[in-house]
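Here the structure is laid out as structure tokens; the discussion comes afterwards.
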């Protein structure tokens, strides 16, 4: 009986020893998960602690934001209300204006609050949501600008068949595909970025949650994330810019065949406006993302990010409408109705 009891105790001791080994082995996997949940919020430090400068920046960016909303949403209303603007070219322009309004709204309100608030924190989920929307709208705009370039080519190459060539069966899928591409691209980066461990500093040297500064503060190996960022952003930039350039080349060939000076001027104006918008937008994206996240530290980088998230959405209505006679006529007509 004693020997049986002793054997039973030895068996229990062996089981306990093996369970302890298994538990210590699982700790290897538990610790990274624990580290990931240590940071529950981030601090958006911005680029200045000077209160007087922050007040000035608040007033400046608040004014820019108001102009952005008025310009872009006003253009959307204009396209909806004016029957002369009911064609694919202006539908694309209204979608771009809506995107710019959303793009700016994702970033600007939180930034304005942080200029005057002592607590500049943003929750983990809030940061992920802001980044998801920001990348979605940004990527969608890249593809939409490419679709608009193709639309301009169709309009200039054969204007008589434009309404047939660019029917709802064509332009609606182009717009939808742009949004789908934006959502997929954003989802990939959100999953990759927020699967990392953030167990050290929670201070993001930025005015909003963006990928490079987040990767810079992660305590995980971010090599894969940086490759994803480089290859995905690089591929999207190459594809969309090529579509724009090829479309513009065909537009120029079509312009050279035109006999009407008025037609040439209108075509040059349309193509020139679009190239200006594309160059400014894609140029700032390339500067911001096509380099290692470790080099992301200077105020210059923050200013570039602010430019393409806040300033460009304000400029787009001016770029695409300033030399557009149809839009000018529609604006004058609406102002007459308002002040009649």
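For all residues, glycine too, the Cβ spot is worked out from N, Cα and C.
Under the heading disulfide bond, Swiss-Prot lists 127-219. Within 10 Å of the C-beta of residue 219 (disulfide bond) we count 16 further C-beta atoms, all protein chains included.
If you look up Swiss-Prot, you'll see 35 (among others) marked as N-linked glycosylation site.
Feature annotation from Swiss-Prot assigns N-linked glycosylation site to 119 (among others). Around residue 119 (N-linked glycosylation site), taking its Cβ as the centre, 9 other Cβ atoms fall within 10 Å, counting all chains.
When pLDDT is averaged over the topological domain 'Extracellular' (1-55), the result is 58. Per Swiss-Prot, the feature topological domain 'Extracellular' maps to 1-55 (among others); the stated evidence is sequence analysis.
Residues or ranges marked as topological domain 'Cytoplasmic' in Swiss-Prot: 77-84 (among others).
For the topological domain 'Extracellular' (106-129), the residues of the chain that approach it from at least six positions outside its boundaries are 39-46, 54-55, 57-58, 61-62, 65, 68, 137, 190, 194, 204, 207-209, 214, 309-310, judged by C-beta separation under 8 angstroms. Look at Swiss-Prot and you will find 106-129 (among others) tagged as topological domain 'Extracellular', backed by sequence analysis.
Residues or ranges marked as topological domain 'Cytoplasmic' in Swiss-Prot: 151-169 (among others).
The feature topological domain 'Extracellular' is assigned by Swiss-Prot to 191-226 (among others).
The feature topological domain 'Cytoplasmic' is assigned by Swiss-Prot to 248-267 (among others).
Annotated topological domain 'Extracellular' per Swiss-Prot: 289-301 (among others), in sequence order, evidence recorded as sequence analysis.
Only residues 6 or more beyond the boundaries of the topological domain 'Cytoplasmic' (323-340), in the same chain, are considered here, and those with a CB under 8 A from a CB of the stretch are 75, 78, 81-82, 84-85, 90, 269, 272-273. As annotated by Swiss-Prot, topological domain 'Cytoplasmic' applies to 323-340 (among others).
Here Swiss-Prot flags 56-76 (among others) as transmembrane segment. Note on the transmembrane segment (56-76): residues 48, 93-94, 97-98, 100-101, 104-105, 108-109, 111-112, 115-116, 306, 310-311, 313-314, 316-318, 321, 327 of its chain, located 6 or more positions outside it, place their CB under 8 angstroms from a CB of the stretch.
Per Swiss-Prot, transmembrane segment is recorded for 85-105 (among others), and the stated evidence type is sequence analysis. Beyond its flanks by at least six residues, the transmembrane segment (85-105) meets 65, 68-69, 71-73, 75-76, 78-79, 133-134, 137-138, 140-141, 144-145, 147-148, 151-152, 155, 162-163, 166, 170-171, 175, 309-310, 312-314, 316-317, 320, 326-327, 330 of its own chain at Cβ-Cβ distances under 8 Å.
Look at Swiss-Prot and you will find 130-150 (among others) tagged as transmembrane segment.
Nonlocal intrachain contacts for the transmembrane segment (170-190), taken as residues 6+ away from its ends with a CB within less than 8 angstroms of a stretch CB, comprise 88, 91-92, 95, 128, 131-141, 143-144, 147, 150-151, 211, 225, 228-229, 232, 236. Taken from Swiss-Prot, the feature transmembrane segment applies to 170-190 (among others).
If you look up Swiss-Prot, you'll see 227-247 (among others) marked as transmembrane segment, on the strength of sequence analysis.
According to DSSP, residue 127 (disulfide bond) is assigned to a helical segment.
For the recorded site, residue 119 (N-linked glycosylation site), the DSSP three-state label reads coil. Look at residue 219 (disulfide bond): DSSP puts it in coil.
Residue 127 (disulfide bond) counts 24 other C-beta atoms within 10 Å of its own C-beta, drawing on all protein chains shown.
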